[in-house]
Amino acid sequence: MTTNTRDAAVSHRYIAAIDQGTTSSRCIVFDEAGSIVSVAQKEHRQIFPKPGWVEHDAQEIWANVLDVVHGALQKMSITVHDLAAVGITNQRETTVLWDATTGEPVHNAIVWQDTRTDQLVRELAADGGQDRFRARCGLPLATYFAGPKIRWLLDNVPGARERAERGEVLFGTMDTWLIWKLTGRHVTDVTNASRTMLMDLATLDWDDELLAAMGVPRAMLPEIRSSAEVYGHATGTLEGLPVASALGDQQAALFGQTCYAPGEGKCTYGTGSFLLLNTGEQPVQSANGLLTTVGYKIGDQPATYALEGAIAVTGSLVQWFRDNMGLIASAPEIETLARTVDDNGGCYFVPAFAGLFAPHWRGDARGVIAGLTGYITKGHLARAVLEATAWQTREVVDAMNADSGVELTTLKVDGGMTANNLLMQFLSDVLDVPVVRPIIAETTCLGAAYAAGLAVGFWPSTDALRENWHRAAEWLPATGDAADALRDKGYRKWKKAVQRTMDWIDEDDE
Amino acid sequence: MPGPIQSIERAAAILRLLSGGARKMGVAELATALGLPKGTVHGILRTLQHVGFVEQSPDTGKYQLGAALFHIGSSYLDVNELRTRALNWSDSLAARSKESVRIGTLHEGQVLVVHHVFRPDNSSQVLEVGALLPAHASALGKVLLANDPVDQLDPARLTGFTPATCTDPDRLRAVLAEVRSRGWASDVEEMVEGEVSVAAPIRDRRGVTVGAIGISGPIERLCGLAGEDAGTPRAELVSYVREAARAISRDLGAIPW
């Protein structure tokens, strides 16, 4: 795709990716080899109006996104003219509604972890069960998805429903909000749309029955496009820059890990953790609590589908340990503290802070620390915190193996927590397979950059992208009878601890 | 049990005064504050200066806390945090140089490998995090020794691994002085025959060297092959290593240079 607004004499040497995440916005600039040449990052406020409620200020996020793009360019002393395109990846499901004329949000964005739609979701499930829409949209009824959040905003912001029906109030997930701010176009991509509960996985279009059931007017919805195409060109300080990809963060990581063949998958360790498995051009329905979602769609090519295992609390448990317990000063120090002891001392921590995600999907669960004795120190707790991430991965891998009928032989990992060697080794031990980190741990940004680069011809094909994938580290599982026994006992104890989280929330709990 | 040692108590009092604020203090000021003769205070300051616990400003002659104190203090950067902060740039270095990358810190006179990125050729490699390397025979170690305010050079530990290993303390000190001034170090077949490593310092916002990052690989890839370049690390690779070190340092808050 060429553009007449850009100076043809300038060589477009780089691709930028915007990662609009849950806690911060980042911009990473990549070169043709897929190596990072510049990074800028800015955190935004987490707004907690009530227990269980989490909001973001969409205007603050937009300002931060512009800041980090310019910041990343400045660090390298390059300009927007050095960029061939920008791609976007984003926290999924976080929902913003804004005024189509003024561009002002009508309410703070409701973040994916927010549980305010709990009651609404229970009402919807009362009529046909939690899985009543699963065959159509691939998702169980749960608070995380965008559809119920839109409904809540329409019900609670005065005048919003009437104005949305006239197309005066628009909906978007963060990709849509940023593309609209950058280019003025109201579009989303198939991966983000697949997290709304409003899209038919087979047709990749908004579904009238789902819209009616959820009470969302079609006039407020963006057009659903592929994940890699030029949606428009930026105006303002990034004048002329092609905006050429949008992918939900987990799908972007799948793309960045070059999982382009059915059976290839990855797990990204961030605030939460997400295991995605490429299932090819047909959606696979899960019998074991996994989600069916769109993996990516490149331009006019058929969509690629994925099975997803979502774990709510992994990295955020380490943050909680740091901020709420104050036992460490920074997140990486948990490894130092955990290494002060040799094992968990019999202590297990199930962080069901907002219920359990895959494969249990139990909103009535809350966290427990099981196996406490007088012997337990903060070092054991640190171990239990890290091990929780590994055991939760084990549960999801087991479900994935059952659904896909294929045994996982290697786990490709990425995300910030892969810097934690103790965790990665433990993960390999409990899964009993090698764990491999690629040379770019920032696969989320890389995936958005790859998709944008394909759209503008910066990279010729997905085969060229595979050439960039290299193993940066590998952790091998402990072997032998003793290791097997330890693994089996640990998993048994973990499952017992999980049982103890359930049925905690009662009718009179807020 | 002998009683408290008076001179150590006085040294501690001086350090406490110097840590009281950002300001620097002269000998007379310190003597007045402690109610001690100037000569006594001056003697203690000279000893503290010798071990790197205080520094004297060349312009004003006043004293301030030295880098060595920061190094051994509680503000010392956690190695797991160093790895986390360095992850992106060490990956980029491996991708650009096509060699394996290690980050090391000093641990009882040796180099502790705190991070390791495989050589990006998808061959079978083993993670070496936690391994110890000889400081005097590795580029990482030379960078760390050269920038260490506390002299950790132990002449008894200068083991020879190859004919090229520098085992003479005086010659090694001269090498370290050069490493300090040019900002990077190399080891050319000094630890393993046929292998070369190149490293540069990672600094934090106080300018304290908190680690070193480097690449290693066969001499045929890392060094020039003929003429005066033979046995010298290629300039391009040195620049990649130094750029990665600067990028990590910048992220840790070091003043850009």
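Backbone N, Cα and C atoms are what each Cβ position is placed from, and that goes for glycine too.
ATP is bound by A:Thr22, A:Thr23, A:Ser24, A:Thr271, A:Gly315, A:Gln319 in TrEMBL, and the record lists one more residue there from A:Gly167, A:Gly172, A:Gly416, which is A:Gly416. TrEMBL names A:Arg92, A:Glu93, A:Asp249, A:Gln250 as glycerol ligands; from the candidate set A:Tyr14, A:Tyr144, A:Tyr305, the record adds A:Tyr144 to that same site.
A:Glu93 (sn-glycerol 3-phosphate binding site) sits 19 Å from A:Gly315 (ATP binding site), taking the Cα positions as reference. Comparing the binding-site residues A:Thr22, A:Ser24, A:Tyr144 by how many other C-beta atoms lie within 10 angstroms of each C-beta, the top residue is A:Tyr144. On a Cα basis, A:Thr271 (ATP binding site) lies 12 Å away from A:Asp249 (sn-glycerol 3-phosphate binding site).
Cβ atoms within 8 Å of the centroid of the Cβ atoms of A:Thr22, A:Arg92, A:Glu93, A:Tyr144, A:Asp249 (the sn-glycerol 3-phosphate site) belong to the same-chain residues A:Asn90, A:Gln91, A:Thr94, A:Val111, A:Trp112, A:Arg195, A:Gly248, A:Gln250, site residues excluded. The Cβ of A:Arg92 (sn-glycerol 3-phosphate binding site) has A:Trp112, A:Thr173, A:Thr191, A:Asn192, A:Arg195, A:Gly248, A:Asp249, A:Gln250 as same-chain neighbours under 8 Å, each 6 or more residues away in sequence. In the three-state DSSP assignment, the secondary structure recorded for A:Gln250 (glycerol binding site) is helix. In this structure the alpha carbons, written CA, of A:Arg26 (ADP binding site) and A:Gly416 (ATP binding site) are 14 Å apart.
Across the domain 'Carbohydrate kinase FGGY C-terminal' (A:266-455), the model assigns an average pLDDT of 92. Ranked by Cβ neighbours within 10 A across all protein chains shown, the binding-site residues A:Gln250, A:Thr271, A:Asn420 are led by A:Gln250. The record assigns A:Thr22, A:Thr23, A:Ser24, A:Thr271, A:Gly315, A:Gln319, A:Gly416 to the ATP site; their largest pairwise CA distance measures 14 Å.
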